[in-house]
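Pulled from TrEMBL:
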BINDING   A:G23, A:L24, A:D25, A:N26, A:S27, A:G28, A:K29, A:T30, A:G69, A:N125, A:K126, A:Q127, A:D128  GTP binding site
BINDING   A:T30, A:T47  Mg(2+) binding site
Amino acid sequence: MGLLSIIRKIKRKEKEMRILMVGLDNSGKTTIVLKINGEDTSVISPTLGFNIKTIKYHKYSLNIWDVGGQKTIRSYWRNYFEQTDGLVWVVDSSDIRRLDDCCAELHNLLKEERLAGASLLVFANKQDIRGALKPSEIAKVLNLEAMDGSRHWQIVGCSAHTGDGLLQGFDWLVQDIASRIYVLE
Amino acid sequence: PPSPPPPPPAAPRKPRALLVRLSRRGAAAPSLETPDASPVAAFLSRFAAAKLAAESALSACSRSSPEEDAQRSLSGAAAAIDDLDRLAAEASHLLPPYELRSALAAVSDLRAAHRLAASELRPKKSFSFRNKSKAPKNLPQDPPTLPPPPPPPEQPNPAVEAILPGLGFRGREGAILVKDLRASDEKDGDFTLADLVSCQVYLKGKYRALYIHRLRDCRVFVGAVFGSVLIEDVERCTFVMAAHQIRIHEARATDFYLRVRSRPIIEDCSGVRFAPHALNYKGIEEDLRDAGLEDDTGNWANVDDFKWLRAVQSPNWCLVPEEERLQTIDISDVLE
């Protein structure tokens, strides 16, 4: 038995899921992770590198990799692609000027073969801000409809500030991954 | 007779220092090392070797005379640097912060050297690799050949174009711009400052988020931001503000007087200076308190430079010397 299949088996037993959180800097990735884990979100420095959190979510154990989004470190995202079950792309819905940038980075990511099987959750974050675009508008700008039909994806409006929408998003993601990788149980 | 120990590998100064440190580590007392020391040591030696390969490929391009050879060395060097990059990234989990930072810095230095070599090799080409990339300051400038070509025409994303801009001041010159969110019913919204030249900007009240883009010779005073501030492309400006998070990109010759809950960060900046918050207006205490900014954490001085991941002080920023700092500015009388 190869190492990979052993790892897969262990993973299945513990019902582990590996979730990769990416997106431009200032989109709220770390705030989302801390909020969903019930931690204090009032003092968060921009992420220099990455954070890992293991969160129990229903009967699953989510390994969440929250990788910094500053331009300088975006080239390191690819080192976290391996074995990713779910991809969370976080968008600052009120940063209209950089939506083009955001769109380009997302589509770059989706070309990546190692992420081909991962479910994609797009969080249209900062919905509590007055000028924020609605999830439907974000979906249009990011051209999500154009995605290959083989990709499981969903866009959810949320606010890491208030917590609205976070559970709805993770519920979808976890269900979707579970239905793909634990289908035989 | 036993042969003498082999001479140390002929390597440029820096890698040799690494190798020496490595061999000492190994020789000293391996049993005393922490268990994860050996993967780190293994990484350092692999990294030193790969770095050597990249450096020699780079120096080969400058020596090769026929252009094809030089081109080949150049792409060899690019591949070697990519290898180095990957090596560093793959080891990022196990490396202590300092080693990771120095590895990343080494990679970025090599990239800069590679860009320079590439530009020297084909100065006549009518395209530039990246409009935004700047050659390191201390490197000789290219002869004044062609001015940089205009950026490729941007393909406007129709979906983005259709979006109405939110609250903000945009495209003004030599103006005094005042906004008091307490007086309007747009409470707690976000705000944008974009394309301003020689303006004085006064923002009173609490803001959920602040976006600042392309300012020249401006002075900006902001009450309280209870979310994040994103500043991009500013030159010869002064900012006085309090916020939860502050990110600064592409700022030059600009002073920041901050109160900030988390560590401010800079990226692609030069000549930026930091000092403590110095702003007053009637009611600012209340705004700061409501925004959770009543205490000064001292983080205004704990700046992270994403372009300088080393233990020594970044050359891109410093503190404003105390004798040069602005006195607390009272903007109570500035009205909309």
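Just so it is clear, glycine is given a Cβ too, placed from its N, Cα and C backbone atoms.
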Name the residues of the same chain, 6+ apart in sequence, whose Cβ is under 8 Å from the Cβ of A:T30 (Mg(2+) binding site)? A:I44, A:T47, A:N51, A:D66
For A:D25 (GTP binding site), which residues in the same chain are close in space, meaning a Cβ under 8 Å from its Cβ, but six or more apart along the sequence? A:P46, A:G68, A:G69, A:Q70, A:K71
Greatest CA-CA distance (Å) over the residues A:G23, A:L24, A:D25, A:N26, A:S27, A:G28, A:K29, A:T30, A:G69, A:N125, A:K126, A:Q127, A:D128 that the record ties to GTP? 22
Restricting to the same chain and to sequence separations of six or more, state which residues have a Cβ under 8 Å from that of A:K126 (GTP binding site). A:G28, A:D92, A:S93, A:S94, A:A132, A:S159, A:A160, A:H161
Through the lens of DSSP with three states only, how would you label A:K29 (GTP binding site)? helix
Proximity to chain B among binding-site residues A:G23, A:D25, A:T30, A:G69, where any Cβ pair is under 8 Å: A:D25
Which residues of the same chain, at least 6 positions away in sequence, have a Cβ lying under 8 Å from the Cβ of A:S27 (GTP binding site)? A:G69, A:V90, A:V91, A:D92, A:D95, A:C102, A:N125
